[in-house]
Amino acid sequence: MQPYLDLMRHVLENGVEKSDRTGTGTLSVFGHQMRFDLAAGFPLVTTKKLHLRSIIHELLWFLRGDTNIAYLKENRVRIWDEWADENGDLGPVYGYQWRSWPRPDGGHVDQIANVVEQIKRNPDSRRLIVSAWNPALVDEMALPPCHALFQFYVAEGRLSCQLYQRSADIFLGVPFNIASYALLTHMVAQACDLAPGEFVHTLGDAHLYLNHLEQARLQLSREPRALPRLVLNPRVKDVFAFTFDDIAIEDYDPHPHIKAEVAV
């Protein structure tokens, strides 16, 4: 996970101080890219402990097309609680855009099903794209998409994924985003009988909140450990059929958790 640690160090040393929507303030850089070879291990931060249950269940929740936090709460995941309304609704956020992007004629587009089918039928396509950024509905979302658009790429029997993230909370959010999209790439690769390739993470406004700087320095003082290994149930060949029990991360030996407040 050296690319992630290098990003954190780069922002601490070169970031400019900016105000932000939450009123917390950030150190920020604009435009950064990280690459992770998924054959070299599962890209899960080891310099602090991450909550694996939250990462896995959030992705399964997205893939369900769900936008209510009831499923997350049932599975002891609290990462969306601050943004939900009194009924647990978040508006037309990621799951809705991924699975039910509205068409002008009143129908809907299942972008995930479509892209999986395209990968199988035409793996050399340059249109293997899923977007969560819908300008017509951004104002109805509890939180507009931070990880806004991703593209798959097939070469030599390997599936790679590139994510564009418009806004990147480096300390709290980015480790989750890396793991989530790496997991998604593995799942789609298995569904398409491909090997996992690279995860490429392209960031727009990459920032450390000013109340996360000491935590970031603590994390950088720790020695990275060996990456864990992702094991998927090999019998699952449908990306929508995966359950929590079909996903295992083995040999994860992180340093202790570092507490930090979420900027809402």
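Just so it is clear, glycine is given a Cβ too, placed from its N, Cα and C backbone atoms.
Over in Swiss-Prot, the protein carries these features:
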BINDING   Arg21, Arg126, Arg127, Arg166, Ser167, Ala168, Asp169, Asn177, His207, Leu208, Tyr209  dUMP binding site
BINDING   His51, Asp169, Ala263  (6R)-5,10-methylene-5,6,7,8-tetrahydrofolate binding site
ACT_SITE  Cys146  active site, nucleophile
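Positions of the features from Swiss-Prot, shown on the structure.
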| residue | record | DSSP class |
| --- | --- | --- |
| Arg21 | dUMP binding site | coil |
| His51 | (6R)-5,10-methylene-5,6,7,8-tetrahydrofolate binding site | coil |
| Arg127 | dUMP binding site | coil |
| Cys146 | active site, nucleophile | coil |
| Ser167 | dUMP binding site | strand |
| His207 | dUMP binding site | strand |
| Ala263 | (6R)-5,10-methylene-5,6,7,8-tetrahydrofolate binding site | coil |
Integer Cα-Cα distance in angstrom, Arg127 (dUMP binding site) to Ala263 ((6R)-5,10-methylene-5,6,7,8-tetrahydrofolate binding site): 35
Pairwise Cα distance maximum in Å, (6R)-5,10-methylene-5,6,7,8-tetrahydrofolate-binding residues per record: His51, Asp169, Ala263: 18
Whole-number Å value for how far Cys146 (active site, nucleophile) lies from His207 (dUMP binding site) (Cα to Cα): 12
Among Arg21, His51, Arg127, His207, the most crowded of the binding-site residues [Cβ within 10 Å]: His207
Listed in sequence order, residues with CB under 8 A of Tyr209 (dUMP binding site) and six or more positions away: Asp20, Thr22, Thr24, Gly25, Thr26, Asp169, Phe171, Ala263
Site diameter for dUMP, Å, by largest Cα distance between Arg21, Arg126, Arg127, Arg166, Ser167, Ala168, Asp169, Asn177, His207, Leu208, Tyr209: 36
Separation of alpha carbons, His51 ((6R)-5,10-methylene-5,6,7,8-tetrahydrofolate binding site) and Arg21 (dUMP binding site) (Å): 26
Neighbouring C-beta atoms (10 Å sphere around the C-beta of Cys146 (active site, nucleophile)): 19
